[in-house]
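According to TrEMBL, the protein carries these features:
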- S149: active site, charge relay system (ACT_SITE)
- D226: active site, charge relay system (ACT_SITE)
- H260: active site, charge relay system (ACT_SITE)
Amino acid sequence: MALKQVSSNRCFEGFQKVFEHDSAELKCKMKFGIYLPPKAETGKCPVLYWLSGLTCTEQNFITKAGFQQAAAEHGLIVVAPDTSPRGCNIEGEDESWDFGTGAGFYVDATEDPWKTNYRMYSYIKDELPKLINANFPTDPERMSISGHSMGGHGALILSLKNPGKYKSVSAFAPICNPIQCQWGKKAFGGYLGSDVSKWEAYDATQLVKSYPDSHLDILIDQGKDDQFLSAGQLLPDNFIAACTERKIPVVFRLQQGYDHSYFFIATFINDHIKHHAKYLNA
């Protein structure tokens with residue numbers, strides 16, 4: 001699968017690059033950011049996948065989060081894909097900010113007209129890692145996942161649906177219980193149809209109830225002054241309660257004074273890089 005380099009910038013002795021490729025899963029051109037630490041020039045490195053939130057592209061995380069120095073120090077390749085298919089000419093895909101373009105929700109759609117292109121779950125789980133492993137000096141056995149908001153939801157469900165695939169998982173302000181919030185109801189209704197039982201397959205709070213073991217160390221940071229927390233879109237308490245019941249370790253940090261923005265992410269991203277490095281470099 002051919003990769004086209006869009007940009008390359010020297011950064012903390014490594015390189016922050018952006019590539020474009022034709023996605024078989026999404027049937028459109030897709031971009032992803034990839035940070036290659038200095039260590040990648042001499043050996044194979046573990047990979048951290050970062051999933052961004054609503055309205056984001058591959059650019060938000062790589063330009064705003066400031067993760068590159070810590071990734072360079074710990075020798076992690078960091079991959080930041082886009083959040084949805086682009087330019088598929090589907091009627092209604094650009095009508096709202098929380099559905100369609102920029103809002104793939106990391107599910108495989110089953111409803112027309114979305115099911116042909118909107119297969120972000122399979123893209124992140126299968127197609128993208130195969131592409132990354134084939135083209136970059138990765139260790140395919142050492143992979144972790146993180147994300148923000150809708151992407152935090154994506155990181156949680158991918159780790160919970162695929163036990164053992166990811167060495168660790170973390171999230172910033174994740175949408176923890178989408179079947180109970182307006183964002184989730186709108187997206188899941190559109191992509192997955194009206195049968196709510198099908199939604200549960202992409203809801204972290206539901207998935208954790210049947211997770212087969214406790215070998216998953218989850219780190220979640222949540223801003224206390226996050227407007228979407230107070231609006232009932234994120235519902236972390238529901239997820240924590242489900243984890244506690246199943247004795248699955250979760251470190252939940254409610255950060256006083258922080259909101260939903262990348263200023264919040266930039267403040268605590270080094271903690272998350274360290275969290276993943278502990279498992280990826282073990």
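Cβ coordinates are placed from backbone N, Cα and C, and glycine is handled just like the others.
Annotated pair D226 (active site, charge relay system) and H260 (active site, charge relay system), C-alpha to C-alpha distance, rounded: 5 Å. For the pair H260 (active site, charge relay system) and S149 (active site, charge relay system), the Cα-Cα distance reads 8 Å.
Shown in sequence order, G53, L54, F172, A173, P174, I175, F228, L234, H260 are the residues of the chain, 6+ apart in sequence, with a C-beta less than 8 angstroms from the C-beta of S149 (active site, charge relay system). Around the Cβ of D226 (active site, charge relay system), a 10 Å sphere holds 22 further Cβ atoms from the protein chains shown.
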